[in-house]
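Let me begin by presenting the structure, written as structure tokens, before commenting on it.
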Amino acid sequence: MIETALAFALGCFSLGTLLNFWRMTLGPTSADRILALDTMVINALALLILYGVYQGTPVYFEAAVLIAMVGFVSTVAYCRFELRGDIIE
Amino acid sequence: MDGANNLLFIIAITPFIGALLPGIMIRAGRATCATFAAAPTVLALAMLAVLTPDVMAGNVIQAEVNWLPQLGLSASFFLDGLGLLFAGMILGVGLLIIIYARYYLSPEDPMGQFYTYLLLFQGAMLGIVLSDNILLLLIFWELTSLSSFLLIGFWKHLPEGRQGARMALAVTGSGGLAMIGGMLILGNIVGSYNLTDILAAGDIIKASEWYLPALILILLGAFTKSAQFPFHFWLPHAMAAPTPVSAYLHSATMVKAGVFLMARMWPALAGTPEWFYIVATTGLITMVIGALIALFKDDLKALLAFSTVSHLGLLTMLLGFGTKLAAVVAVFHIINHLTFKATLFMTAGIIDHETHTRDIKALGGLRKLMPITFVIGTVAALSMAGIPLFNGFLSKEMMLEEASHTVWAGSHHAVPILATVGALLSVAYSFRFIVHVFFGPVRDDYPSKPHDPPVGMWLSPALLMVLVVVIGVLPAAIVGPLVAVAGEAVIGGGKMPYYSLKIWHGITPALYMSIIAIIGGLLLLAMHRPLDRLWNALPRPEAKAMFDALVAAMASLSRTITETLHTGAISRYLSIFVVATVALGLIAASGSSLPPVTREMLPVPGVVLIGWVVLITAIGSVFFMHRSRFRALVMIGVIGLMISSGFVYLSAPDLALTQISVETVTIMLLLLALHFLPKDTPIESSRALRIRDGVIALIGGVGVAAMTYAFLLRDVSTISDYHLANAKTGGGGTNVVNVILVDFRGYDTYGEIIVLGVAGLIIFAVMEALLNGPAARRLRNMDYSQDRSRDRHPLMMVIATRLLMPIAVLVGAYIFLRGHNQPGGGFVAGLIISIALLMQYMASGFAWAQARQKMEYHGMIGWGVVIAGLTGTAAWLFGAPFLTSTFGYFHFPPIEEFELASAMAFDLGVFLAVLGAVMLMLYSLSRIARFAGETVNVEPMDYDPTNRVELLKEDD
């Protein structure tokens, strides 16, 4: 059962990643792209965790937590750049 | 003998150590400074005096320490008669010059610097004359070129000084280069670089087919240094130096180095027809031309400079004759020339100092105004003219005697006649020095009223003048033994030829030649005025213009070559590099076939395939959208994310952590910079060029991918096997990556954190220069106000980052501590902490965050490197090599048993250096904005709810 659920979830998030990438390439605005990138980070985290569950190891979970911690910082930086130009005022 | 050997070493290094003193002691006053400059010289002189009896008895003192035995380079010194003579001259005259310069230099001149340069030069000269290894000699030889450059250009504000120094360095430096070649050939012929071996192998050298090239190259070095024709032109231009420098460099030392070298190499090289024709002819020409030009120079120092050129020619000619007697005469004349020429230079300096002019045409009648100077100058000049009772006469007479029976290309008359002409001209310019400066009516138009200088200034020349007279009257008693022992050293053992140092040799050809020279010289001086007009009317080649043209031509040639190869376009370098690499790879691969595939292709799950497609597509789209810089940056974020995920998937969590942290920091750096840069890249190259570059890039990328693919399908033994096997046992850690970083390759890491720190500091420094440079104006006029959000420091973001800060620090500490055994380590921890700090900077602004930052980033880098270095050196205390690490397991209840590794302290250094460098880089870049006139905030956020709470309280 869990196998099937995992396969389904992996498929969904993979599809999500592809759609993110689609938005990322097309835009049209910078906000679209930044948002797409941020969502893509989250999707990638989800994929990693799902893969960890599939493999039965905690290593992926830990890596995912760390990526989550620093991953959003670049989103913040992109946003500040768009909104204020200077990211450290 | 051991004591004597050590003493020789100490003599050789004393001036170098002493050179440190005057620069410091100048703070204690000028007299103290001069005393401390004189002290090492006196000390070395005293030590030399201790060794003198031994050398005079015919012994050679040797001292040797192996330095780079693989190269045949040893720090070996020896002291024989010739070395003693020169060392005595260098130190003795050096001491007199130090005393003289104390009074000569004006209060505006940086005296400490002067004495430091002088002692450096003294040490270099001493090194040349004491070296027993020709490689060591070459090092000192180059050192004299460099230190004399500093001395000649001492008056940096004078363009002539700078140009003269440059010319001297260019000429003597290039001669030195030639000499290196010659010496290496010589060492190769003999099979040893030891001077004593080379001098003993004269016959082998002369028989070798490499003799002529070696001879020419070595002579190039000696001729340039000793200002022999046609390289004589640098010496007069070097007269722009302060007079003490001229007196020292151009009477006793620098220019004598070339003569010394010829004398030193005499047993090994002299005695062949090649030697005779090259050396004697050059010397003869130089002697006559130098004397001729000297006669028509109006500048006192220029006159002396060309007379020095002439006398150096005389010495070269004597050495060139190749007979033992001529070599001994040369040694004698070296002593005599030193005494009268140093005296004359110092006299010229006194005249310049007191009358403020060196122009002979503006002088005259100084006999009554400066009686002491008159006596000193006249005695020295008479000696230079070769008048009996003064020492110059003795050696000149002996020189003429030698010349009188020298046959040049079958001619019995060429050498004697030219030598007489040289002597005649020398009489003329010497008397001109006396008559035109001191005699004649007293004038009333001197630039400054002349009077004799203080004792300190005339003491040194007076002492030398006494020597001139004493040697002139009692030659055999005063310098006889020294000439004998030095002469013996020059001719390299064997029977000394018969000679006698006395005034009256009977009626010889030399006596007639002397009489002709004196009478002719005086006649020439009587006709000086019309001759001078004629000389000035004649066209003459101007050496400086020719030299400048040559230098300009060389510079433009090298510029052409450089600019052809080095265009500054990185795309060009990269395309050449990539094409060359691919081509070499193809050539290497074409000869051999690949070994069979030994590994199965791993299965590719659908998710991974999607990740791969996204990665490749993202890379491709960067290619198309890179002109819109911000969009390209966002796209790079995708690439970074996919690579990090790939690392996690392929069980390299360390790399993933590093990748994602580096990614974040890099993007912030790029965004900070992009704020001040154009947001779009203009199209600068043609379509064809872009297609070509694209194809090259594609070939390069595909090539690397294909190679990686080929390697991954085969079992190749790599270095990682060793690391995997030894990480736990050798380094005490299960995280192999970390053990490699802090233990196996600790040295590399140590170097890398230094490089990282240096990079951080350079960015800081460059930014400093940028903000003070022309770009600053443009920055100030930039307009940032368009399309901006009003919410500078949003409440949400401030609160979120505050909450995240302790968590991030905790994670950083955790990652750091477990680094040795689990994914993590100092590098990643440093990046995580810096990201945590940067979040605060972004949220509440630079000024607010900086005010709460107590530690300087510069210092953090420094501490990081220091801690890592100290950890490495701590290994020495246990007798282990640098950076050896150790580890152990400890148990303190109630904590469970834990491991401590010395690598942890090293990792702390890495952590600090990374944190400091990253923060310093970002700090530097964000400074631009404030410089460009942006305001800073002191409040943590734009809308602070606590203020509102306070207001509400007040309302209540």
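Numbering starts at 1 and runs along the chain as it is shown here.
Glycine is treated like the rest: Cβ placed from N, Cα and C.
In TrEMBL, annotation is done automatically, which means it is predicted and not curated.
Long-range contacts of the transmembrane segment (B:33-51) within the same chain: residues 4, 7-8, 10-11, 14-15, 17-19, 21-22, 25-26, 61, 79, 84, 87-88, 91-92, 94-95, 98-99, 101-102, 111-112, 115, 118-119, 122, 126, each at least 6 residues beyond the stretch ends and with a Cβ under 8 Å from a Cβ of the stretch. Summarising the annotation, TrEMBL assigns transmembrane segment to B:33-51 (among others).
The feature domain 'NADH-Ubiquinone oxidoreductase (complex I) chain 5 N-terminal' is assigned by TrEMBL to B:70-114. Model confidence over the domain 'NADH-Ubiquinone oxidoreductase (complex I) chain 5 N-terminal' (B:70-114) is summarised by a mean pLDDT of 86.
Among the features that TrEMBL reports, transmembrane segment is placed at B:71-100 (among others). Residues of the same chain lying 6 or more positions beyond the ends of the transmembrane segment (B:71-100) and with a Cβ under 8 Å from any Cβ of it are 8-9, 11-12, 34, 37-38, 41-42, 44-45, 48, 51-52, 55-56, 60-65, 115, 118, 122, 125-126, 129-133, 135-136, 187, 192-196, 244, 247-248, 251-253, 256, 260, 263-264, 331, 334-335, 338, 342, 346, 349, 456-457, 459-461, 463-464, 482, 484-490.
Per TrEMBL, the feature domain 'NADH:quinone oxidoreductase/Mrp antiporter transmembrane' maps to B:131-405.
The transmembrane segment annotation in TrEMBL covers B:136-155 (among others). Note on the transmembrane segment (B:136-155): residues 67, 73-76, 109, 113-114, 117-118, 120-121, 123-125, 127-128, 161-162, 164-166, 168-169, 172-173, 176, 179-180, 183, 195, 221, 225, 238, 240-242, 245, 249, 253-254, 257 of its chain, located 6 or more positions outside it, place their CB under 8 angstroms from a CB of the stretch.
Residues or ranges marked as transmembrane segment by TrEMBL: B:167-190 (among others).
According to TrEMBL, the feature transmembrane segment maps to B:372-394 (among others). Away from its own ends, the transmembrane segment (B:372-394) comes close to residues 307, 332, 335-337, 339-341, 343-344, 347, 350-351, 354, 366, 423, 426-427, 430-431, 433-434, 437-438, 452-453, 458, 461-462, 464-465, 467-469, 471-473, 475, 501-503, 514, 517-518, 521 of its chain (Cβ-Cβ under 8 Å, at least six residues beyond either end).
Per TrEMBL, the feature transmembrane segment maps to B:573-594 (among others).
If one looks beyond the transmembrane segment (B:606-625) by at least 6 residues along the same chain, the residues whose Cβ comes under 8 Å of a Cβ in the stretch are 631-632, 635-636, 638-639, 642-643, 645-646, 649, 694. The feature transmembrane segment is assigned by TrEMBL to B:606-625 (among others).
For B:616-679, the entry in TrEMBL reads domain 'MrpA C-terminal/MbhD'.
Outside the transmembrane segment (B:632-650), and at least 6 residues removed from its termini, the chain residues within Cβ reach (under 8 Å) are 608, 611, 614-615, 618-619, 621-622, 625-626, 656, 659-660, 663, 667, 670-671, 674. Summarising the annotation, TrEMBL assigns transmembrane segment to B:632-650 (among others).
For B:656-674 (among others), the entry in TrEMBL reads transmembrane segment. Same-chain residues lying 6+ beyond the ends of the transmembrane segment (B:656-674) with a Cβ under 8 Å from its Cβ atoms: 629-630, 633, 636-637, 640-641, 643-645, 647-648, 815, 823-824, 827-828, 831-832, 834-835, 838, 918, 921-922, 925-926, 928.
In the domain 'MrpA C-terminal/MbhE' (B:690-768), the DSSP tally of helix, strand and coil residues is 67 helix, 0 strand, 12 coil. According to TrEMBL, the feature domain 'MrpA C-terminal/MbhE' maps to B:690-768.
For B:794-815 (among others), the entry in TrEMBL reads transmembrane segment.
Sequence annotations record features per position, and here TrEMBL assigns domain 'Na+/H+ antiporter MnhB subunit-related protein' to B:797-919.
If you look up TrEMBL, you'll see B:827-849 (among others) marked as transmembrane segment.
Across the domain 'MrpA C-terminal/MbhD' (B:616-679), DSSP assigns 53 helix, 1 strand, 10 coil. Counting residues per DSSP class in helix, strand and coil order gives 86 helix, 8 strand, 29 coil for the domain 'Na+/H+ antiporter MnhB subunit-related protein' (B:797-919).
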